[in-house]
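Engineer: Just passing along the structure, written as C-alpha coordinates.
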Amino acid sequence: MKVLQEKILSEGKVLSGDVLKVDAFLNHQIDPVLMQEIGKEFAKRFQEEKITKIVTIESSGIAPAVMAALELGVKVIFARKRKSLTLQENMYVANVYSFTKQETNEISLSKKHIHEDDRVLIIDDFLANGQAALGLMSLVEQAGASVSGIGIVIEKAFQDGGKKLRERGVRVESLAEIASLEDGTVTFVQHETAEVR
(Lines of atoms letter the chains of each structure in order from A; the text may use other names.)
(Lines give C-alpha, C1' and ligand atoms only; values in the text may rest on other atoms or scores of the structure.)
Protein backbone atom coordinates (compact mmCIF):
# COMPACT_ATOMS: atom_id res chain seq x y z
CA MET A 1 0.00 0.00 0.00
CA LYS A 2 1.88 2.99 -1.35
CA VAL A 3 0.41 5.66 0.95
CA LEU A 4 1.34 3.56 4.01
CA GLN A 5 4.88 2.99 2.75
CA GLU A 6 5.26 6.73 2.17
CA LYS A 7 4.03 7.44 5.71
CA ILE A 8 6.48 4.91 7.17
CA LEU A 9 9.36 6.53 5.26
CA SER A 10 8.38 10.09 6.20
CA GLU A 11 7.26 9.64 9.82
CA GLY A 12 8.58 6.26 10.99
CA LYS A 13 11.83 6.00 12.93
CA VAL A 14 14.17 3.01 12.91
CA LEU A 15 15.33 2.41 16.50
CA SER A 16 17.35 -0.73 15.75
CA GLY A 17 17.65 -3.53 13.21
CA ASP A 18 14.48 -5.02 14.75
CA VAL A 19 12.41 -2.04 15.90
CA LEU A 20 10.45 0.52 13.85
CA LYS A 21 8.73 3.33 15.75
CA VAL A 22 5.48 4.49 14.12
CA ASP A 23 3.89 6.29 17.05
CA ALA A 24 3.37 9.40 14.91
CA PHE A 25 0.51 7.78 12.98
CA LEU A 26 -0.32 4.24 14.16
CA ASN A 27 0.35 3.18 17.73
CA HIS A 28 0.25 6.33 19.85
CA GLN A 29 -1.01 9.20 17.74
CA ILE A 30 -3.42 7.98 15.06
CA ASP A 31 -3.81 9.45 11.58
CA PRO A 32 -7.56 8.94 10.96
CA VAL A 33 -7.37 9.57 7.21
CA LEU A 34 -4.64 6.93 6.87
CA MET A 35 -6.64 4.55 9.11
CA GLN A 36 -9.67 5.03 6.87
CA GLU A 37 -7.58 4.08 3.82
CA ILE A 38 -6.17 1.07 5.69
CA GLY A 39 -9.71 -0.03 6.59
CA LYS A 40 -10.81 0.26 2.97
CA GLU A 41 -7.81 -1.74 1.77
CA PHE A 42 -8.43 -4.57 4.26
CA ALA A 43 -12.13 -4.62 3.30
CA LYS A 44 -11.20 -4.81 -0.40
CA ARG A 45 -8.73 -7.64 0.14
CA PHE A 46 -11.12 -9.72 2.27
CA GLN A 47 -14.49 -8.80 0.71
CA GLU A 48 -15.05 -12.31 -0.70
CA GLU A 49 -14.49 -14.03 2.66
CA LYS A 50 -17.95 -13.34 4.14
CA ILE A 51 -16.42 -11.98 7.36
CA THR A 52 -18.85 -11.80 10.30
CA LYS A 53 -16.49 -10.44 12.96
CA ILE A 54 -13.09 -8.80 13.29
CA VAL A 55 -10.82 -9.78 16.19
CA THR A 56 -7.82 -7.73 17.28
CA ILE A 57 -5.73 -7.13 20.38
CA GLU A 58 -5.64 -3.99 22.49
CA SER A 59 -4.59 -1.34 21.87
CA SER A 60 -2.82 -0.60 18.59
CA GLY A 61 -4.89 -3.04 16.54
CA ILE A 62 -8.16 -1.34 17.44
CA ALA A 63 -8.03 1.65 15.05
CA PRO A 64 -7.34 -0.33 11.84
CA ALA A 65 -9.79 -3.03 12.95
CA VAL A 66 -12.61 -0.53 13.52
CA MET A 67 -12.02 1.12 10.15
CA ALA A 68 -12.08 -2.25 8.37
CA ALA A 69 -15.22 -3.21 10.30
CA LEU A 70 -16.97 -0.02 9.17
CA GLU A 71 -16.22 -0.93 5.55
CA LEU A 72 -17.28 -4.58 5.98
CA GLY A 73 -20.34 -3.81 8.13
CA VAL A 74 -19.31 -6.08 11.01
CA LYS A 75 -18.44 -5.74 14.70
CA VAL A 76 -14.98 -5.74 16.29
CA ILE A 77 -14.00 -7.59 19.42
CA PHE A 78 -10.61 -6.87 20.93
CA ALA A 79 -8.67 -9.23 23.15
CA ARG A 80 -7.82 -7.69 26.48
CA LYS A 81 -4.33 -7.91 27.92
CA ARG A 82 -5.39 -7.13 31.47
CA LYS A 83 -8.04 -8.60 33.68
CA SER A 84 -11.08 -6.41 34.18
CA LEU A 85 -13.53 -6.41 37.08
CA THR A 86 -16.36 -6.49 34.55
CA LEU A 87 -14.87 -9.45 32.64
CA GLN A 88 -14.19 -12.21 35.13
CA GLU A 89 -15.94 -15.32 33.85
CA ASN A 90 -16.70 -17.11 30.62
CA MET A 91 -13.53 -16.06 28.85
CA TYR A 92 -11.34 -17.68 26.22
CA VAL A 93 -7.70 -17.24 27.29
CA ALA A 94 -4.29 -17.51 25.60
CA ASN A 95 -0.74 -16.47 26.49
CA VAL A 96 1.12 -14.15 24.10
CA TYR A 97 4.76 -13.08 24.19
CA SER A 98 5.30 -9.45 23.17
CA PHE A 99 8.46 -8.91 21.10
CA THR A 100 8.37 -5.14 21.71
CA LYS A 101 7.75 -5.28 25.46
CA GLN A 102 9.73 -8.50 26.05
CA GLU A 103 6.99 -9.94 28.29
CA THR A 104 4.21 -12.51 28.23
CA ASN A 105 0.61 -11.33 28.51
CA GLU A 106 -2.53 -13.34 29.13
CA ILE A 107 -5.09 -12.23 26.55
CA SER A 108 -8.79 -12.95 26.72
CA LEU A 109 -12.07 -12.66 24.81
CA SER A 110 -15.55 -12.90 26.27
CA LYS A 111 -17.38 -16.06 25.19
CA LYS A 112 -20.58 -14.07 24.68
CA HIS A 113 -19.13 -12.03 21.78
CA ILE A 114 -17.73 -14.77 19.53
CA HIS A 115 -19.56 -17.86 18.31
CA GLU A 116 -18.83 -21.03 16.37
CA ASP A 117 -20.57 -19.74 13.24
CA ASP A 118 -18.37 -16.61 13.07
CA ARG A 119 -16.00 -16.14 10.12
CA VAL A 120 -13.24 -14.07 11.68
CA LEU A 121 -10.76 -11.64 10.21
CA ILE A 122 -7.86 -11.01 12.59
CA ILE A 123 -6.28 -7.56 12.28
CA ASP A 124 -3.16 -6.24 14.01
CA ASP A 125 -0.75 -3.35 13.65
CA PHE A 126 2.50 -5.34 13.43
CA LEU A 127 3.57 -8.88 12.58
CA ALA A 128 7.04 -9.80 13.86
CA ASN A 129 7.36 -13.24 15.43
CA GLY A 130 3.65 -14.04 15.05
CA GLN A 131 2.87 -14.53 18.72
CA ALA A 132 -0.03 -12.06 18.89
CA ALA A 133 -1.66 -13.50 15.76
CA LEU A 134 -1.18 -17.08 17.00
CA GLY A 135 -2.72 -16.12 20.36
CA LEU A 136 -5.70 -14.51 18.63
CA MET A 137 -6.08 -17.59 16.42
CA SER A 138 -6.13 -19.73 19.56
CA LEU A 139 -8.97 -17.65 21.03
CA VAL A 140 -10.99 -17.90 17.81
CA GLU A 141 -10.37 -21.66 17.60
CA GLN A 142 -11.40 -22.13 21.25
CA ALA A 143 -14.76 -20.60 20.28
CA GLY A 144 -15.08 -23.06 17.41
CA ALA A 145 -15.14 -20.15 14.94
CA SER A 146 -13.05 -20.06 11.76
CA VAL A 147 -10.17 -17.73 10.91
CA SER A 148 -10.85 -16.47 7.38
CA GLY A 149 -7.68 -14.42 7.22
CA ILE A 150 -5.22 -12.14 8.97
CA GLY A 151 -4.73 -8.50 8.04
CA ILE A 152 -1.48 -6.86 9.13
CA VAL A 153 -0.70 -3.18 8.78
CA ILE A 154 3.12 -3.61 8.90
CA GLU A 155 4.88 -6.97 8.58
CA LYS A 156 8.54 -7.36 9.49
CA ALA A 157 9.17 -9.92 6.74
CA PHE A 158 12.72 -10.48 8.02
CA GLN A 159 11.26 -12.15 11.12
CA ASP A 160 9.52 -15.52 11.02
CA GLY A 161 5.96 -14.63 12.07
CA GLY A 162 4.54 -14.39 8.56
CA LYS A 163 6.19 -17.65 7.55
CA LYS A 164 4.76 -19.44 10.63
CA LEU A 165 1.23 -18.25 9.88
CA ARG A 166 1.37 -19.00 6.16
CA GLU A 167 2.76 -22.50 6.85
CA ARG A 168 -0.41 -23.11 8.88
CA GLY A 169 -2.43 -22.40 5.75
CA VAL A 170 -3.72 -19.03 6.92
CA ARG A 171 -4.18 -16.25 4.41
CA VAL A 172 -2.07 -13.29 5.56
CA GLU A 173 -2.42 -9.89 3.87
CA SER A 174 0.17 -7.30 4.91
CA LEU A 175 -0.23 -3.72 3.72
CA ALA A 176 3.49 -2.91 4.11
CA GLU A 177 6.15 -5.63 4.20
CA ILE A 178 9.53 -4.60 5.51
CA ALA A 179 12.51 -6.57 4.22
CA SER A 180 15.08 -4.85 6.44
CA LEU A 181 15.68 -2.12 9.00
CA GLU A 182 19.47 -2.37 8.70
CA ASP A 183 21.63 0.75 8.96
CA GLY A 184 18.64 2.81 10.09
CA THR A 185 16.94 2.45 6.71
CA VAL A 186 13.52 0.97 5.96
CA THR A 187 13.66 -1.37 2.96
CA PHE A 188 10.37 -2.78 1.69
CA VAL A 189 9.81 -6.19 0.13
CA GLN A 190 9.57 -5.72 -3.63
CA HIS A 191 6.78 -7.68 -5.30
CA GLU A 192 6.87 -8.36 -9.00
CA THR A 193 3.92 -6.89 -10.83
CA ALA A 194 2.56 -8.27 -14.06
CA GLU A 195 2.71 -5.91 -16.99
CA VAL A 196 -0.75 -4.84 -18.10
CA ARG A 197 -1.22 -4.74 -21.87
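Here the Cβ of each residue, glycine as well, is placed from N, Cα and C on the backbone.
What Swiss-Prot records for this protein is below:
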type    : residues                               : note
BINDING : Leu20, Asn27, Lys156                   : xanthine binding site
BINDING : Ala128, Asn129, Gly130, Gln131, Ala132 : 5-phospho-alpha-D-ribose 1-diphosphate binding site
Engineer: What are the non-local neighbours of Asn129 (5-phospho-alpha-D-ribose 1-diphosphate binding site), defined as same-chain residues 6+ apart in sequence with CB under 8 A from its CB?
Structural biologist: Tyr97, Phe99, Gln159, Asp160, Gly161, Lys164
Engineer: Using DSSP, would you call Asn27 (xanthine binding site) helix, strand or coil?
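Structural biologist: Where Asn27 (xanthine binding site) sits, the three-state DSSP reduction gives coil.
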Engineer: Sort Leu20 (xanthine binding site) into helix, strand or coil using the DSSP assignment.
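Structural biologist: It is in a strand.
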Engineer: Around the recorded xanthine site, report the further residues of that chain (criterion: Cβ within 8 Å of the mean position of the Cβ atoms of Leu20, Asn27, Lys156; site residues excluded), sequence-ordered.
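Structural biologist: Surrounding the site, in chain order, are Gly12, Val19, Lys21, Val22, Leu26, Thr100, Asp125, Phe126, Ala128, Ile154, Ile178.
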Engineer: Name them in sequence order: residues not among Ala128, Asn129, Gly130, Gln131, Ala132 whose Cβ is within 8 Å of the mean position of the Cβ atoms defining the 5-phospho-alpha-D-ribose 1-diphosphate site.
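Structural biologist: Not counting the recorded site residues, we get Val96, Tyr97, Phe99, Leu127, Ala133, Leu134, Gln159, Gly161.
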Engineer: Note down the number of other Cβ atoms within 10 Å of the Cβ of Leu20 (xanthine binding site), including every protein chain shown.
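Structural biologist: Other Cβ atoms within 10 Å of Leu20 (xanthine binding site): 19.
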Engineer: Cα distance, Gln131 (5-phospho-alpha-D-ribose 1-diphosphate binding site) to Leu20 (xanthine binding site), nearest Å?
Structural biologist: 18
Engineer: Please report the DSSP secondary structure of Gln131 (5-phospho-alpha-D-ribose 1-diphosphate binding site), reduced to three states.
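Structural biologist: Helix, per DSSP.
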Engineer: Would you pick out, from the binding-site residues Ala128, Ala132, the residue whose Cβ has the largest number of other Cβ atoms within 10 Å?
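Structural biologist: Per the Cβ count, the most surrounded site is Ala132.
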Engineer: How big is the xanthine site in terms of the longest C-alpha to C-alpha distance among Leu20, Asn27, Lys156, in angstrom?
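Structural biologist: Answer in Å: the longest Cα-Cα distance is 16.
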Engineer: Identify, in sequence order, the residues in the chain of Lys156 (xanthine binding site) that are 6 or more apart from it along the sequence and have a CB within less than 8 Å of its CB; answer 'none' if there are none.
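Structural biologist: Residues satisfying the criterion: Asp18, Leu20, Phe126, Leu127, Ala128, Ile178, Leu181.
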